[in-house]
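These notes are about the structure you will find just below.
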């Protein structure tokens, strides 16, 4: 782990007892006393009434409020801009009212663009960005490593293999699946591939009812390599059309956003986002290590299973409809830890908001920068995310390559 990553997670360990039981615990109290609610008397009773030195909760609440406002502003800006220019205010009014103009073809075009193209893209980009960022925050807390991302649990590699198999073989060997699911066949195959890979990875990493995170990490690397080999074989036998589809899907895009896809993937993603705060206490405790978390009353194995299933479901649903989009799950939680601290009670909702903002903004740039053509959104997230992450590694706490 780099020094910057270590610094963040050292801070997590120092704040974990406070985050597990609330900000009213004095900094001198032990984690066990904080979790059990032991009484504090004498000078410590006075300390209980004062905010803990270094407590970032007030700042975190302000940042969350600002992020919520920024998300609304970003979504409105994305709706207003596009290849056809700024949206007509009358078209926005008609869209919100659910009406379609009669006679005015230009106004009708603007309403259709807003309601059936831009709005689904904004919603899908927001859901996927929030999903990837929250999944990254959960995995980093679970693995106690700021470099962890949803790909570690095998979702990305498995989903990529499932989608590639359907793209290449959907007209032949897998034609019955195509006939059954129609236009959703690739998304279904990607989602199923991600969940199947995660289930296999979880089975490998679980022995005697205990899930070993290190084993899962190593197994994930091995399964990712196997999936990459199988994907390479599919690329070798693919025709020109399939190769183009594979390339575009692998780079990630929300250009194919429709209301049907939102209704397919949206409920899964929304459910995980709504339930993810329930993992905050366990993730705060796990920063101290599994043994300490157990002493704090956390059912470690159960919480690990819930976290893995949540990440697999949310990331699988996201990758299934957007393809591979990288760095959101790494950069967003890391940036927020530097801003609001390591407390997952604020980190998880903050990651959802900032991830949504990032991907909505990236999609807006992708569809306007070289209009009428479109850039794959994965290119933009990699171009922005990779240099930023390297800057974090090289500048925090004197880190150097030498």
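The backbone N, Cα and C atoms fix where each Cβ goes, and this holds for glycine too.
Taken from TrEMBL, the feature compositional bias 'Low complexity' applies to 32-43.
Per TrEMBL, the feature region 'Disordered' maps to 32-52.
Positions annotated as transmembrane segment by TrEMBL: 62-87 (among others).
Annotated transmembrane segment per TrEMBL: 122-143 (among others), in sequence order. Away from its own ends, the transmembrane segment (122-143) comes close to residues 71, 75, 78-79, 149-150, 152-153, 213, 217, 254, 257, 261-262, 265-266, 269-270, 272-273, 276, 279, 283-284, 286-287, 304, 307-308, 310-311, 314-315, 317-318, 321-322, 325, 328-330, 332-334, 336, 344, 347-348, 351-360, 362-363, 377 of its chain (Cβ-Cβ under 8 Å, at least six residues beyond either end).
The annotation transmembrane segment is assigned in TrEMBL to 155-175 (among others). Away from its own ends, the transmembrane segment (155-175) comes close to residues 185-198, 223-224, 227-228, 230-231, 234-235, 237-238, 242, 245-246, 249-250, 311-312, 315-316, 319-320, 323-324 of its chain (Cβ-Cβ under 8 Å, at least six residues beyond either end).
Taken from TrEMBL, the feature transmembrane segment applies to 181-202 (among others).
Residues or ranges marked as transmembrane segment in TrEMBL: 214-238 (among others).
Per TrEMBL, the feature transmembrane segment maps to 268-294 (among others).
According to TrEMBL, the feature transmembrane segment maps to 306-332 (among others).
The annotation transmembrane segment is assigned in TrEMBL to 377-394 (among others).
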Using a Cβ-Cβ cut-off of under 8 Å, list the residues of the same chain that are 6+ residues beyond the ends of the transmembrane segment (214-238) and lie near it. 143, 151-154, 156-158, 160-161, 164-165, 167-169, 197, 200-202, 204-205, 207, 246
Take a look at 62-87, 268-294, 306-332, 377-394 and tell me which one has the most Cβ pairs under 8 Å to the transmembrane segment (181-202). 306-332
